[in-house]
Amino acid sequence: MNMDQGNQTTISEFILLGLSNQVEKQKLIFVIFLSMYLVTVVGNSLIILAIGLDIHLHTPMYLFLANLSFADISSSSTSVPKMLMNIQTNSQSISYEGCITQMYFSIVFVVIDNFLLGVMAYDRYVAICHPLNYTNIMHPRFCLLLSFCPWALSNIVALTHTLLANQLIFCNHNTIQHFFCDLAPLIKLSCSDAMINELVKFIVGLSVITFPFALILFSYVCIIRDVLRISSTEGKWKAFSTCGSHLTIVFLFYGTIVGVYFFPSSTHPEDTDKIGAVLFTVVTPMLNPFIYSLRNKDMKGALRKLINKSHLLPLMS
């Protein structure tokens with residue numbers, strides 16, 4: 001800490017306490033999170049490669065899925081590598097600039113996931129409720145716009161929180177009860193008046209959750225209404241099966257994020273923050289490739305082709 005005028009101090013670094021203070025648990029945490037991170041990166045990278053290399057998957061749904069996979073890799077990469085490095089080097093410190101940067105990108109990728117889930121629900125709504133007009137509605141320019149908007153909006157949200165966080169004063173306290181620099185613990189750590197930060201966090205968080213969720217709810221109400229009109233059981237099952245993977249991810253995502261970002265920081269303990277953060281920054285990104293590959297015939301076929309090609313390349317060289 002660097003001394004300023006009077007009794008005020010400027011924090012130059014923060015101490016991340018991580019998931020556990022017990023030394024004997026650090027190796028286990030390192031192995032578990034390294035394994036989960038590798039599965040996340042490899043699984044989501046395979047999804048992106050399969051979509052990119054298979055021309056049959058060059059459709060709006062898979063364009064949005066590729067964006068979601070990239071966001072999931074980035075979300076885990078924002079927090080997990082730093083945590084693993086801290087465990088390996090027995091160092092818990094992170095610079096002030098590094099902490100603010102980590103917070104910025106963690107917000108960006110969580111918000112992107114949120115908006116992309118709404119966009120993907122709208123895509124399913126158009127495909128099932130307006131199949132004859134699908135190609136006209138989901139034309140390439142509109143799809144690119146739907147892909148761009150989540151990235152633009154998430155950066156605006158993250159920039160808003162970051163600019164406000166830069167105004168906070170941290171005095172003599174620099175210990176964060178978390179494994180990465182999340183917004184809620186930083187606000188709680190501040191010794192200055194954080195009422196505006198809490199208010200903006202609540203209003204923006206409410207908006208970021210409400211609008212995509214409203215779009216998802218509207219889309220599935222319309223989908224269920226139209227599917228129930230289908231006379232054959234096989235037709236109903238086929239229509240619902242295209243939504244199964246997306247619905248599973250929606251339940252996973254919203255079930256964890258609400259408890260972490262929806263309420264003010266002081267209303268829930270640190271352990272809840274940590275568990276929630278692990279679920280939506282590590283567990284959900286790791287599970288997404290399995291959910292989409294196991295429940296989707298086209299994706300399974302594309303992944304088989306990709307794996308077969310990788311096996312044939314050494315033989316051809």
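Backbone N, Cα and C atoms are what each Cβ position is placed from, and that goes for glycine too.
Among the features that TrEMBL reports, domain 'G-protein coupled receptors family 1 profile' is placed at 43-292. Under the heading transmembrane segment, TrEMBL lists 28-53, 103-122, 142-164, 202-223, 244-263, 275-294.
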Same-chain residues at least 6 beyond the ends of the transmembrane segment (28-53) whose Cβ lies under 8 Å from its Cβ atoms:
18-20, 62-63, 65-66, 69-70, 72-73, 76-77, 80-81, 83-84, 87-88, 282-283, 285-286, 288-290, 292-293, 299, 302-303, 305-306, 309
Selected stretch (most C-beta pairs under 8 A with the transmembrane segment (202-223)) from 103-122, 142-164, 275-294:
103-122
Which residues of the chain, 6 or more past the ends of the transmembrane segment (142-164), have a CB below 8 A from one of its CBs?
60, 63-64, 67, 100, 103-105, 107-109, 111-112, 115-116, 119, 122-123, 183, 196-197, 200-201, 204, 208
Just to confirm my parser: what is the rounded mean pLDDT across the domain 'G-protein coupled receptors family 1 profile' (43-292)?
87
